[in-house]
Ligand code: SF4
């Protein structure tokens with residue numbers, strides 16, 4: 001499917017929404033609006049293709065469980081923002097970049113591990129738990145928000161990631 | 001495999017592995033166009049499964065992370081990601 005199947009209105013609508021949510025949560029979209037909108041068009045294209053917001057700069061495999069880490073905003077966004085002032089795609093940027101104090105000249109290294117290593121890591125790290133706690137602690141894998149309750153929230157109150165992106169932390 | 005060929009000055013064999021949805025891949029295409037050189041590219045996300053697997057193996061040889069964009073020059077140099085200087089240097093563009 002080509003990216004042109006998405007209408008300009010759809011792209012604009014999602015841009016407005018993401019921009020509002022980003023600013024409310026202390027994040028910033030790339031001030032190059034055309035660049036940001038092209039990426040948002042890519043996210044919408046991936047939604048049509050795969051049924052989820054696969055990162056536009058990474059190749060999704062089409063199986064949601066295996067791609068949870070690269071559903072936008074991906075698990076790597078915040079670390080890349082701290083280290084490089086941008087997420088891998090540069091849809092999200094740091095405040096310095098947004099204000100024009102820092103310039104982006106090129107792409108940054110891929111933080112996601114290759115498929116083989118991801119599979120291996122998954123089988124090697126069973127979940128730890130501290131059974132003496134009165135409630136389990138859940139961690140948002142996107143932004144690190146923690147909460148102690150029976151179940152993770154439907155949507156992360158900080159970064160708006162969905163429930164499925166939470167992991168049991170303690 | 002279906003490669004799209006862009007005509008231009010011959011500076012050797014320049015192959016770009018890209019994703020149609022990726023902003024840095026788009027910038028790479030624009031840079032190569034601006035340089036006016038001949039190159040081939042493939043948008044891996046638009047391939048059928050079998051072809052996609054084949055191309056991913058090809059990319060893995062050059063770039064084990066299989067990330068995009070990946071540019072391979074003359075079957076000997078590989079540039080991972082969008083880096084204007086490195087791409088220009090690899091193809092010998094002044
Ligand atoms: S936050 Fe992650 S998934 Fe979203 S655009 Fe940036 S790199 Fe891609």
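Quick reminder: no glycine exception, Cβ is built from N, Cα and C everywhere.
Remember, predicted model here, so these are calculated numbers, not experimental data.
For the ranges A:103-128, A:129-154, the feature annotated in TrEMBL as region 'Disordered' maps to A:103-128. Beyond the ends of the compositional bias 'Basic and acidic residues' (A:103-112), by six or more residues, the same chain brings 30, 57-58, 69-70, 74, 76, 79-80, 83-86, 88, 90, 93, 97, 118 to within a C-beta distance below 8 angstroms of the stretch. Mean model confidence for the domain 'Rubredoxin-like' (A:135-169) is a pLDDT of 94.
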